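All remarks here apply to the structure that follows.
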Amino acid sequence: MKMAIIGAGKWGQALYHAYSQKNDVVISSRHSKAIENFVPMSEALKCEYLVIAIPAQFVRGWMEENFVDHGQKILVAAKGIETSTGAFLNDVYGDFVSADRLAFISGPSFAAEVQKSLPTALIISSTNHELAQTYADALPKFIKGYVSSDVVGAEVSGAYKNVIAIAGGVCDGLGLGNNARAALISRGLVEMTRFGEAFGAKTETFLSLGGAGDLFLTASSTLSRNYRVGLGLAKGKDMDEILSELGEVAEGVPTAKALHKIAKEKEIYLPIAAEVYAMIEEGKDPLESVKDLLD
Ligand SMILES: NC(=O)C1=CN([C@@H]2O[C@H](COP(=O)(O)OP(=O)(O)OC[C@H]3O[C@@H](n4cnc5c(N)ncnc54)[C@H](O)[C@@H]3O)[C@@H](O)[C@H]2O)C=CC1
Ligand SMILES: O=C(CO)COP(=O)(O)O
């Protein structure tokens, strides 16, 4: 089928590689890039099936300025929550297109490994089963595709695991050991499940590829940008230094701020996310955070 990838960062280019195996795919982004099948945005937007890999904080602005509605379907590839409003991406995109035209891709998928055609398994979630199946069937042989109707569960788990990945990096950066990291990841899974349930997400989604699968991956690997943010915090670096060294998006940073805001409004207990927020926003000493979590 004819598809367009919008956003030519690491994940957009990896999804271009993946979807190109079986489909006729073009790619576009706000700045022109010398890459295969790069087309102007106006041309990309005419495709019926879009994949949008723009980081969560920029989606609303990008849609307002660029989106032209031709009745396209959108596969959302970002993993984050809008900080300014606390809105999930299905609500942000929902302000522009109806829910039955939206699907979400989640699961363990470092762009660098997808780019090399290494095997993984991912979930496409949508309230429109046929649409989820269409995007899943278009995946290449090296990606096993599953479908789900739990859009909120997919979104919350994909966004929340980035915050726990920052905590994972802090834990390893402080040299707290394998036991501590396993405890942190397990409690992180409980925490993100509790948060998602408050918004109607299904519990089992958090045990799936998009929940536990992606959490285990990112909270324990230096390939994760969010984990590397945590390593930087453990070394006592400030956020400006960490983010400029990273040079790529770390969605866990704005998402920790969004979670802080939502948790306050809805009175949800999120101890690990609260410590990540305190380290990022208030410059709290990571060792103090560990002490407070153990208490
Ligand atoms: N890299 C990975 O392994 C994976 C990334 N993701 C998610 O995909 C999303 C994108 O991540 P990456 O491509 O890895 O990030 P990246 O840092 O490699 O690229 C970011 C992309 O966003 C574009 N961008 C930045 N500001 C923009 C704006 N104001 N308007 C429009 N476009 C803008 C940039 O031009 C660039 O193409 C994130 O939400 C991330 O969590 C999801 C799965 C895997
Ligand atoms: O979501 C990812 C892999 O599934 C990528 O994680 P990072 O953004 O932390 O690198």
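Using N, Cα and C of the backbone, Cβ positions are placed for all residues, glycine too.
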Annotated companion of Trp11, Arg30, His31, Ala111, Arg225, Val249, Glu251 at the NADPH site, TrEMBL, chosen from Lys46, Lys79, Lys141, Lys202: Lys79
Matching residue for the sn-glycerol 3-phosphate site, where TrEMBL names Lys79, Gly107, Ser109, Asp214, Ser224, Arg225, Asn226 - out of Lys33, Lys161, Lys264, Lys266: Lys161
Residues among the recorded positions Arg30, His31, Ala111, Lys161, Ser224, Val249 that border ligand 2 - Cβ under 6 angstroms, in sequence order: Ser224
Cβ neighbour count (within 10 Å, all chains shown) around Val249 (NADPH binding site): 23
Nearest of the binding-site residues (Trp11, Lys79, Ala111, Val249) to Lys161 (active site, proton acceptor) - Cα to Cα: Lys79
